[in-house]
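Notes follow the structure.
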Amino acid sequence: MSVSFPDKEKKRVEEIIEHYPQKKAAIGDVLYLAQKQFGHISPEVELYVASLLDLPASYVHQIVTFYTMYLENPVGKHLMLLCNNVSCMLCGAEDMLAKVEKKLGIGPGETTKDNKFTLWTVECLGACEMAPCLMIDDKLYGNLTVEKLDKLLDSVE
Amino acid sequence: MAKVKLITRFFEIEDANLLPIYEANGGYAAARKVVTESWPPDKIFSTVKAANLRGLGGAGFPAGMKWSFVPKDAEGPKYLVVNADESEPGTFKDRHIMLKAPHLLLEGAIIAACSINAEDIYIYVRGEYYQPTQSLERAIEEAEDAGFLGKNIFGSHKNIKVHLHRGAGAYICGEETALLSSLEGFKGWPKLKPPFPAVKGLFSKPTIINNVETLSYVPIVIDKGPEYFAKLGVERNGGARLFGISGHVKKPGVYELSLGTPMRELIFDHAGGVRGDRKLKAVIPGGSSCPVLTADEIDVNLDFDSLAKIGSMLGSGGMIIMDETTDMVKVLLRICRFYAFESCGQCTPCREGTGWMTRIMERVASGEGTSQDLDDLYDVAGMIGGNTICPLGDAASLPVLSFVKKFRAEFEAKVSAAKVPAASGKKSAGEEI
Ligand SMILES: Cc1cc2nc3c(=O)[nH]c(=O)nc-3n(C[C@H](O)[C@H](O)[C@H](O)COP(=O)(O)O)c2cc1C
Ligand code: FES
């Protein structure tokens, strides 16, 4: 097998498993760990995670495809999640999408040519009081205007 | 009836997310009392029952009563699960609690765990909540170091461990049985009840699931006494809750109001009224699955029973305000797409029905619809509700039924403006789409 965790991550897998009376329950966090380590969950990574948890690879695949936050395919350096649920829509999410499309030249599901940004439109991020809002990687940005968004995109390294 | 500061008190104290500050403001007194005075389970749940604390995740089930359903003679481990999945569109209150008062939640969870003799608490946090997760991680560490969590808590013989579990992006995992499936390492598929989780839940053991906010009120109930809490609200709806208000409103945010406060007071006094002083058109009272209210229906009090009486729900307390410029057809399409995307696919009426409704709504919204479409929409919605394992089916159909009924003229205008396709004829929803 060509993918494998370094020792530190291997230890972390053991720690995660300890939180549950059944090994299978650790799959969620182990997948996050794998995603961090390998960038996305390729079939090879699925196989590796399956071996760590004594599960069939097909089982791991089911989990990866059921949940939206496990990446089956590579994304750009930054993953942008633009909320377009009701409150954000009422407060201008469509203008935000148009701005991103114009400035970066990508639509939902696409990645910029320089591989810097991947854009997803997503459901309510639980931050409707800051509508319209988006996340870039693990950070939340709210109360956006077209101007603020423009500056924000420029500020991302 | 008005604004109160029970949970939000901690939002206003600087650094109340940190243990020393939380403790200096009375934090952990309730849990310490319950643990060191060895309150028996009955005493805990009868206190919470007397306070009329309702479940604030959406369904409003009385909290103390739920805890009493765990069989007393059950052997082996029991679990308390905290529902921090907060994904119902329009809802954001739990995020504020986890960020600003994580110890209040932990304290409430400790007390609830004592009431069912659970030694393990799992907090299921939605995956996108990175900062709230970090805030909880830190709080758990602080509480463990202080001896409030872990072995022999507060110097007693009790052991309570808290485990954080991150979700991974699936709205359905907020539904309690789906959440348990997900926690066990399965897909987030809901299960039929009975057996109820209180009897056979996580890892097949007795399990109580409560929302973040419900548990956060528990220390307050113990501190202030159940009579105080019950009296603050109205009959059967004790105390207060956090209302999240967003959309076309001047001051969106979280407001803590006693239950029974008039809706008008929240919208116009606390949240400043409609943005741009436009006219109010509609309100979704408690998350996107609740039947919509017209501007004429907002003279209602904010408690579970009053909203049920007018055919809607208080739900998660996430209120969405829409002004006169709002295109209701577009909003409903947005809601339909959400439920179609989030249906777990297990039950046919929900899996297929949410897709049908979305495709019909796409047609209506794009001006290609017919009035037959509106009738079909109504029929399909009627066939989903009540015919599924979990209430996501109802959550998807209630908005459709209420939007089309209450804003029929707007929907009619959209379809009558549309050119009628040649040889359309009457078709069943199934074959047409
Ligand atoms: C589709 C669906 C989604 C739900 N999402 C949530 C949620 O995100 N958070 C929550 O606390 N409850 C949610 N619930 C309600 C839970 O099933 C459950 O009633 C609640 O967690 C119980 O806690 P409580 O009694 O303290 O309210 C959802 C229910 C359904 C049907
Ligand atoms: S609708 Fe965008 S955060 Fe809730």
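Using the three backbone atoms N, Cα and C, a Cβ is placed for every residue, glycine included.
Nobody curates TrEMBL annotations by hand; they come from automatic prediction.
Note that the structure is a prediction, hence the values are computed from the model and not measured.
The [2Fe-2S] cluster binding site annotation in TrEMBL covers A:C83, A:C88, A:C124, A:C128.
TrEMBL feature annotations superimposed on the structure.
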residue	record	DSSP (3 states)
A:C83	[2Fe-2S] cluster binding site	strand
A:C88	[2Fe-2S] cluster binding site	helix
A:C124	[2Fe-2S] cluster binding site	coil
Chain B proximity: which binding-site residues among A:C88, A:C124, A:C128 have CB distances under 8 Å? Answer 'none' if there are none. A:C124, A:C128
Please work out the number of neighbouring Cβ atoms within 10 Å of the Cβ of A:C124 ([2Fe-2S] cluster binding site), leaving out its own Cβ. 28
Around A:C83 ([2Fe-2S] cluster binding site), which residues of its chain at least 6 apart sit with Cβ under 8 Å of its Cβ? A:A93, A:T121, A:V122, A:E123, A:C124, A:L125, A:A127, A:A131, A:P132, A:C133, A:L134
A:C128 ([2Fe-2S] cluster binding site) CB neighbourhood, other CB atoms within 10 A: 30
Listed in sequence order, residues with CB under 8 A of A:C88 ([2Fe-2S] cluster binding site) and six or more positions away: A:M96, A:C124, A:C128, A:A131, A:P132, A:C133
